[in-house]
Amino acid sequence: QQRFPQRYVMLAIVADHGMVTKYSGNSSAITTRVHQMVSHVTEMYSPLNIATTLSLLRIWSSKDLITVQSDSSVTLGSFGDWRKVVLLSQQAHDCAFLNTATALDDSTIGLAYSNGMCDPKFSVGLVQDHSSNVFMVAVTMTHELGHNLGMAHDEAGGCACSSCIMSPAASSGPSKLFSDCSKDDYQTFLTNTNPQCILNAP
């Protein structure tokens, strides 16, 4: 059993205007959903000694502040730029996620930059609100945050684990567990990169 050092990830979550439309303008429904999501994410990261907290929630009530399109890499890039220029200067956080109601191309349900944690532009992720079951969406967020934290997919080189969090395809009955390979990837990321922003308790 690996012993991981205590780290803290303060999340900023932005719900796009499509989410506002999807939930009929009910911002309290979106807020409740996001809080439930973060509580699942927190639970999944606790074995790695990572405490995740929601440091801010933005709901784009009147309009999107970036162009949200079905090309996930373009949308993620735009969101990263916006986060770097706008959101970071407004409130401290370590990583920002855009929750979108837009259907993404190629049956993608999430995207994030590998090893991006603490970088002003690259510490971001994109998650589609792809299931009415909030736990399923939380697993996607946990998976994308894993990429930010240096984790690769559970596939090649004896790391296949179809039910694990970092499996390349979401399974219908997803596990809440990270594979040993994911834990090793995270440990390597901490050793090689030692991202400073996650050292501070919220």
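Any Cβ shown, glycine's included, is placed from N, Cα and C.
In Swiss-Prot, Cys161 is paired through a disulphide bond with Cys164, chosen from Cys159, Cys164.
One way to see the shell of the Zn(2+) site is to take the Cβ centroid of His143, His147, His153; the remaining same-chain residues with a Cβ within 8 Å of it are Ala112, Glu144, Gly146, Met151, Ala152, Ile165, Met166, Pro168.
Take the Cα of Cys181 (disulfide bond) and measure to each of the recorded positions His143, Glu144, His147, His153: the nearest one is His153. Most other Cβ atoms within 10 A: among the binding-site residues His143, His153, that distinction falls to His143.
When secondary structure is read from DSSP and collapsed to three states, Cys164 (disulfide bond) falls in the coil class.
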